[in-house]
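Before any comments, here is the structure.
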Amino acid sequence: MVLSVPVIALGATLGTATSILALCGVTCLCRHMHPKKGLLPRDQDPDLEKAKPSLLGSAQQFNVKKSTEPVQPRALLKFPDIYGPRPAVTAPEVINYADYSLRSTEEPTAPASPQPPNDSRLKRQVTEELFILPQNGVVEDVCVMETWNPEKAASWNQAPKLHYCLDYDCQKAELFVTRLEAVTSNHDGGCDCYVQGSVANRTGSVEAQTALKKRQLHTTWEEGLVLPLAEEELPTATLTLTLRTCDRFSRHSVAGELRLGLDGTSVPLGAAQWGELKTSAKEPSAGAGEVLLSISYLPAANRLLVVLIKAKNLHSNQSKELLGKDVSVKVTLKHQARKLKKKQTKRAKHKINPVWNEMIMFELPDDLLQASSVELEVLGQDDSGQSCALGHCSLGLHTSGSERSHWEEMLKNPRRQIAMWHQLHL
C-alpha cells in the first residue's frame with residue numbers, strides 16, 4: 001500500500017511530460033509545413049500592406065501645393081450695374097460739338113488697397129455721357145413761335161356751321177337727318193362733340209343724338225338721326241339740331257343750335273345744305289351751379305349707388321345770406337311718378353364749392369331700373385333753421401341731355417362708377 005503511492009505519482013509526471021513533448025512536436029511540424037499561416041498581420045511584410053487599398057485611404061497619391069495670395073473680401077450684397085440714359089443726339093449743335101464728356105466735381109482719391117487685376121467690376125469705367133453741355137456752360141431757352149395767320153385767326157371768331165340732309169319715309173312715318181358734318185373753331189380742342197336732334201309738334205317732342213366724336217375743325221358723323229313723326233304733323237313741326245360738346249369732366253355745353261321748319265318751303269327734303277349755328281339762350285353760363293356725382297348699379301345685389309362728390313358755383317337769390325351755412329343734398333328714388341325712398345347727405349359748409357364725398361345706397365330690383373329715376377335737390381339752411389332749395393336736377397331716361405346720357409351709360413356699364421357734372425336748375 002505504501003509502495004503504490006510513489007508509483008502513481010511517477011506515472012502522472014511521466015504522462016504530463018510526454019503530453020508536453022507531443023504538443024511541442026506537433027507545433028513544430030505545423031510551422032514547418034505552413035510557415036506563414038500562423039503570423040499575425042503586424043508581422044507580415046510592410047510593403048504588402050502599402051500595396052493593398054483600404055477603406056480609409058486611397059491607393060492614389062495626391063500632390064498638395066501651398067501658395068499665399070491676397071484674398072479680397074466679397075460683399076454679401078451685390079449691386080446691379082447702373083447705366084445712364086443715352087441722350088438723343090439729334091440737334092446740329094450737339095452733332096457738331098467735338099468734345100463733350102461727363103466730368104465729376106469730386107477729386108479722385110487714392111485707393112486704400114491695390115485692386116486685383118481680374119476685378120472688372122471695380123475697374124469698370126463709365127463710357128456713356130449722361131448730360132450734354134454747351135461749350136460756354138450756358139443753357140439758352142428755346143422758344144417755338146407760330147407764324148401769325150390772319151385767316152386762321154379770323155376762323156376762331158366764326159360761328160360753327162352744320163351740314164345736314166333731311167329725308168322722310170312715308171311708310172315708316174320717320175324723319176331722317178343724314179350727312180352730318182360740323183365745322184367749328186379749334187380753340188376748344190380736346191373736347192368731344194355730338195349732334196342732338198329734337199322734333200317738337202302739338203303732341204310733344206322726340207329726341208335723338210349721335211355718338212361722341214373727337215372735336216376737330218371738320219367733324220363728320222357716319223350715322224344719322226331717326227325721329228318718328230306722323231306725316232300730317234310735318235307742316236307744323238319744328239326740327240332743332242344742336243351741336244353739343246363734352247369735356248374730360250363729362251360737362252356738356254351747347255356750341256350752337258339750328259331751328260328748321262318742316263313745312264317743305266324753307267328746307268326742301270332730300271337736299272343737302274349748310275346751316276349756321278346760333279348760340280342757344282336756354283342754358284345760361286352760370287345758372288344755379290353744378291354738381292358732380294357718380295352712379296352705378298350692382299345687378300347681383302340689386303343696389304343702386306349714388307355718390308355725391310361736390311358742387312361748384314352755387315348761385316341763388318339768397319346766396320349771400322346762406323354763405324357759411326350748412327348745405328346738403330336730398331336724393332329721391334322714383335319709379336315713374338311714384339316716390340320709393342329718399343335720403344339726405346350730411347351737411348357741409350356753404351362756401352360756394354361744398355364737398356360731401358358721401359355714398360347713398362338704394363335697394364332697387366333689376367326689372368324696375370329702366371323706368372326709375374333719381375332726383376337731386378341741393379338744400380341750404382338759413383338763420384331761422386328753414387331749408388331752402390338752391391337747385392335741383394333729375395337723372396333718368398325721361399330726361400334729356402347729360403342727365404339722360406348719364407343714366408344710359410350706367411345701364412350699359414353695370415358695376416362701374418360713372419361720374420359726370422350736371423347743371424342745377426332753379
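Each residue, glycine too, has its Cβ placed from N, Cα and C.
Quantities reported herein were computed from a predicted structural model and do not represent experimental measurements.
Marked as topological domain 'Vesicular' by Swiss-Prot: 1-6. In the predicted model, residues of the topological domain 'Vesicular' (1-6) average a pLDDT of 64.
Annotated transmembrane segment per Swiss-Prot: 7-29, in sequence order.
Marked as topological domain 'Cytoplasmic' by Swiss-Prot: 30-426.
Counting residue by residue with DSSP, the domain 'C2 1' (158-275) contains 3 helix, 65 strand, 50 coil. The feature domain 'C2 1' is assigned by Swiss-Prot to 158-275.
If you look up Swiss-Prot, you'll see 287-422 marked as domain 'C2 2', on the strength of sequence analysis.
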Long-range neighbours of the transmembrane segment (7-29), counting only residues six or more past its ends (CB under 8 A):
none
